[in-house]
Structure formats: structure tokens, C-alpha cells
């Protein structure tokens, strides 16, 4: 961050001006005004946002000015506090000019109050330094500020390197995760295919099971029909046996009536036997 070249030509080094006597108030005012005029550049900003910011900053600076731009004949004593305040204001103005140039436009400046105050503080009290000395003080402060900025830039570069390393590690992790996701997707596809095969097998087993249940129902119905037929056949056999027993009893009675028995000890030609039907029924 440097000052214009014409400023360096107007103000020689301190070693050359240290022995010169203090100039008058009007000459210092003219020098300060020339210094302010050498810094300013005439250029319009390209952006509407920057133009509004420029106007706001002009308004803030205009409120800070409490005296006109014409040098007054009043003489004020310079104190260390006022010198430091003026140096800070000069540094702020130079930094604002640098910021304006970096932003892409140059602000048309007006002579600032700090130059007027510096030009008007000649002294009956303590001796007031020349504008070159004030500029050297400002340059020293700017050099310190520049040193601080260089340190910040170095720290930012180191931080950028660390972030670059972290970014590289993150990209490597992303690649690894991408490979893992590919493996996972491939396994998922295999599992989906296997699931489809299992669903087909399950559908076939369900169909076979349904056929087996249908066949089982048919067999049960057939067995029930056979059991019913066997029950009917058993009832018919029982009825036939009852009829046989009844016929045998009638036959025995009719034989007793037709053949007289003279001797009770004489045995009948057809001895009475126990009915077979009753015996069969008892076995059942």
C-alpha cells in the first residue's frame, strides 16, 4: 500500500528538511492542500451499490468537518493527543483510499479537516513538526499496519494450506465412501434378485400346498362316504341275522308241534340250539 509518486517528489526525506526552519501557516496549508489533491483521483464507480456507499461515506466525513476548507488565521497549540488524532485520521483516509482503489473505483476527495488542522497548528506553545515529518509518522504507522497485514496474510496462507490438506483428505474419504456405496448397491442388487427367486419359489410352494389341501379334502370326503356305506352294510347284516333268528325260532316251534315226544328222555331229532344271530350280536 503506497502513496502516489508526486507525493514523494514534493516531500523529500526527513534528513534533508530537518535543518530547515518552520514555514508559515499559509505555506503549510498550501502544502497540505496539495498533498490532499495529489491523493485524489477523479473516477465514477461502476456499481450503484458502490456509488451509494461512496455518498454515505462522504456524508459521514462532511459531518466530521467543523470548519470551512479556507485556512483561518487562528493559531492553536499542538499537543501529543491532537498529533496522534491527526495521524490516525490521516492513516484512516489513506486506508480508505486504498480500499476504494481495490474496490474498482476511485473516490473524488476533498481537502480533509486533518490537513487543515495540521496546517493551522503552528506554534506559540510546543513546536509543530513539518508536513514531511507528519507524513513520515503516518508512513511509519502504515508500515506497521502493512507488517500486521503481512502477518495476517501469512496466517491466512497457512490456514489455506491446512484447509487444502483437509479438503484433500475429505475428497479421499468421499472416494472411499463412493466405492463402499458401489459395493453396497451391488450387494443390494444381488439381494433383490435372490428375493425375487425366493418369492417365485414361495409362490410355487403355496400352489403345491393348495393342491395337497384340495386332495386331502377329496380323500376325507371319500373316506366319509366309505364309512357311511360300511355302516349301512353293518345295519343290513344285523337285520338279516335278526330275521334268521326269528325264522329259526318259528321253525323250532313248528317242529315241536308236529312231532310228539313220548319219552322226555328221548332226544329230539333236531336239538334246539342257541340262535346264531344273538351270539353274533353279542360279539358285536
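Residue numbers in this text run from 1 along the chain shown.
Note: Cβ is positioned from N, Cα and C throughout, glycine not excepted.
TrEMBL assigns the feature region 'Disordered' to residues 108-138, out of the candidate ranges 108-138, 139-169. Restricting the average to the coiled coil (153-208) gives a pLDDT of 93.
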